[in-house]
């Protein structure tokens, strides 16, 4: 039998994660608007929208808690629920509609990361940019398919929440969940792969390279939570013995961790935004003509786009450097 978290535990955990996400997003906006003095990018807009949808998702659980859905032992067939038939039908109805902001949170977080990658993938890496666009199309199609499954797999739509025998079957609900999960996890894996196609090809200082590796490796955390959530629901959900509180807790952790992880790559410069990152020991105090000629072949990247310095024969364009600084 799986664990059965209490209602207060679910609510407290969800809003603690939202608080963390809020702090991370505010730090991201502060970095963008104040420290870097840039306008908001598409990735910032996607991230703020993902935060709003996460708040909407968590708000549904407050109502569920108030009507007693999160009482110990309450499963998806409402065994152990002590409310009225009207409250039971209201739960099924709101739970159905809560799936929309839930999936929107997942895919807006993906969109934020993909928007960042569009900025930093160099234009001369043609094959990699093509693969990036393939991933973008795949993720977009995954979102459309997920929403269509949610909206059209059990018609008329009221069958999703009715208490009568016409209610949607457990088998159809399980199939929709499995398809949606496969689309979600495969999109996460493809997005996780993307930066590893570019970073090894860039000439970076060792410290910068390792910090980027560490940043993007955090994507594994999101994938792990997604797999654990699926395993829990698959193991116990088929027989409806899994409690609603456990499903809601794991689902929201999965969505909100994805939201937080998607913010982190753009926050890396926040901790050393004053530092002017150069390539392999280039010093501003070098006066030697020979040294100057040698270093002119080594481009310099700054974490702040306003601090870019570029020799006349630089191999990487200023446009590429500006794109890379977004990370």
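Cβ coordinates come from backbone N, Cα and C, glycine included.
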Quiz item: What range among 79-98, 179-198 does TrEMBL record as transmembrane segment?
Solution: 179-198
Quiz item: Looking at the ranges 242-267, 268-293, which is given as transmembrane segment in TrEMBL?
Solution: 242-267
Quiz item: Among 15-33, 45-65, 100-124, 131-159, 179-198, which stretch has the most Cβ pairs under 8 Å to the transmembrane segment (242-267)?
Solution: 15-33
Exercise. With a Cβ cut-off under 8 Å, give me the same-chain residues at least six positions beyond the ends of the transmembrane segment (45-65) that come close to it.
Key: 7-8, 10-11, 14-15, 18, 21-22, 25, 28, 91, 94-95, 97-98, 101-102, 104-105, 108-109, 111-112, 115, 244, 248, 252, 255-256, 259, 262-263
Quiz item: Ranking 131-159, 179-198, 210-230 by Cβ pairs under 8 Å to the transmembrane segment (100-124), which is first?
Solution: 131-159
